[in-house]
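*Asks:* Annotations for this protein, taken from Swiss-Prot, read as follows:
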- 89-96: motif 'Cysteine switch' (MOTIF)
- CYS91: Zn(2+) binding site (BINDING)
- HIS167, ASP169, HIS182, HIS195: Zn(2+) 1 binding site (BINDING)
- 286-335: repeat 'Hemopexin 1' (REPEAT)
- 336-382: repeat 'Hemopexin 2' (REPEAT)
- 384-432: repeat 'Hemopexin 3' (REPEAT)
- 433-476: repeat 'Hemopexin 4' (REPEAT)
Amino acid sequence: MMHLAFLVLLCLPVCSAYPLSGAAKEEDSNKDLAQQYLEKYYNLEKDVKQFRRKDSNLIVKKIQGMQKFLGLEVTGKLDTDTLEVMRKPRCGVPDVGHFSSFPGMPKWRKTHLTYRIVNYTPDLPRDAVDSAIEKALKVWEEVTPLTFSRLYEGEADIMISFAVKEHGDFYSFDGPGHSLAHAYPPGPGLYGDIHFDDDEKWTEDASGTNLFLVAAHELGHSLGLFHSANTEALMYPLYNSFTELAQFRLSQDDVNGIQSLYGPPPASTEEPLVPTKSVPSGSEMPAKCDPALSFDAISTLRGEYLFFKDRYFWRRSHWNPEPEFHLISAFWPSLPSYLDAAYEVNSRDTVFIFKGNEFWAIRGNEVQAGYPRGIHTLGFPPTIRKIDAAVSDKEKKKTYFFAADKYWRFDENSQSMEQGFPRLIADDFPGVEPKVDAVLQAFGFFYFFSGSSQFEFDPNARMVTHILKSNSWLHC
């Protein structure tokens, strides 16, 4: 009898250790995910037993708070939509407050800030990382009095680095997906710094995690902004891969938040662009949303985009999303209409306008003295009587001129045409239409306009990544 009892005792641990069913395992996994998520982003105290009690009012309230903040149906339950959102990639900063700012509204007490890129991800060329960070800084610079300059050594206000797992700040990264990056609010030392998880696949486009978008979001934190519950805002905590990076601009929610800390940008000390006469009405005027619309020339000017067509141009800026429509002669009475090409050299604060075998230089509203000049003074051969398009690469200080199926490259530093040109457009810009009407550089891409289409060209991958309608820049 004792022998039988001993067998029964031996069996008890075995019988109580049957594996959980698939559904039970999944439920436990979901609870673990939710517990970690709410602890990390919604200030839930670490208490496993409490979380396992289904009727815990605190847990229900935390889930409801998360659902409300992220725009989900507020059920207080770990439903499918809630769990799906918990698995999405996002910023590693908690969602514990309103969009406006961190508790106590920390802000920088100065308007000129320094930044330093401490190290680089192996996923991208160094110049691509530099460009993404510069563009992200410009997003906030354009709507505030803030300015930024780069340091290459020493301690900057904003130290930017790539790291994996535990990296010395008590906020470990978690591998690919989930937490993409985190940043600290304004202040000394670690404060203001940005850390990117280098286990992510960082890209210039939407094929992986877009570095520009994440950097712009994290910079919002470095400047004092917290997360926004507005799903259209850059400061919304979940990563949103904009399919059309060319169309990116801050939401009004983002602008309101950052300007509540620093105010709007100061009025320009330069002459504002003011038209001298209004646009006449008439059927000959181009319609911005005409599906067949093409452009004569495109240029940037002091942070704005100018799209020229016939006697007119559209003017688009980040701070005024609705394009303005003007006569060319209303701003520059001495310039011709029906232009061939235009481009800006940022370092000289000058836009160059081309028509036929002549070109003009403008700064703001002023056409510069000594113009027009002949295009052959730039180094073109006598056989070239006009150019079709031009664009200046501000990082490389090179200007590209396109004529028929060839292009030339001009060095802005030496002010001379480079040797080895012209070259065939098809050889160096594969996939682009040979007849180029205009070219624009933005967001790390070149946009080649040909008729009613534009070709988004990635210069690092040397390939066309998107084909869009030319007037998509005008919100059509």
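The backbone N, Cα and C atoms fix where each Cβ goes, glycine too.
Can you tell me where each of these features sits in this structure?
*Replies:* For the motif 'Cysteine switch' (89-96), the mean pLDDT of the prediction comes to 86.
Long-range Cβ neighbours of CYS91 (Zn(2+) binding site) (same chain, at least 6 residues apart, Cβ-Cβ under 8 Å): SER179, LEU180, ALA181, HIS182, VAL214, HIS217, GLU218, HIS221, HIS227, PRO237, TYR239. CYS91 (Zn(2+) binding site) falls outside any helix or strand according to DSSP and counts as coil.
All protein chains included, HIS167 (Zn(2+) 1 binding site) registers 15 other Cβ atoms within 10 Å of its own Cβ.
DSSP assignment over the repeat 'Hemopexin 4' (433-476) gives 5 helix, 24 strand, 15 coil.
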*Asks:* What same-chain residues lie close to the repeat 'Hemopexin 4' (433-476): Cβ under 8 Å, and 6 or more beyond its ends?
*Replies:* 124-125, 128, 131-132, 135, 204-205, 212, 244-248, 288-300, 305, 307, 314, 316, 321-323, 341-343, 388-394, 400, 402, 404-405, 425-426
*Asks:* Which residue among the binding-site residues HIS182, HIS195 has the fewest other Cβ atoms within 10 Å of its Cβ, if you could check?
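*Replies:* The binding-site residues HIS182, HIS195 were compared, and HIS182 has the fewest Cβ atoms within 10 Å.
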*Asks:* What are the helix, strand and coil residue counts for the repeat 'Hemopexin 1' (286-335) according to DSSP?
*Replies:* 4 helix, 20 strand, 26 coil
*Asks:* Over the span of the repeat 'Hemopexin 3' (384-432), count residues by DSSP class, listing helix, strand and coil in order.
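*Replies:* Once the DSSP states are binned, the repeat 'Hemopexin 3' (384-432) shows 4 helix, 21 strand, 24 coil.
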*Asks:* Using all protein chains in view, find how many other C-beta atoms are within 10 Å of the C-beta of ASP169 (Zn(2+) 1 binding site).
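*Replies:* Step by step: centre on the Cβ of ASP169 (Zn(2+) 1 binding site), count other Cβ atoms within 10 Å, giving 12.
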*Asks:* How many helix, strand and coil residues does the repeat 'Hemopexin 2' (336-382) contain under DSSP?
*Replies:* 7 helix, 21 strand, 19 coil
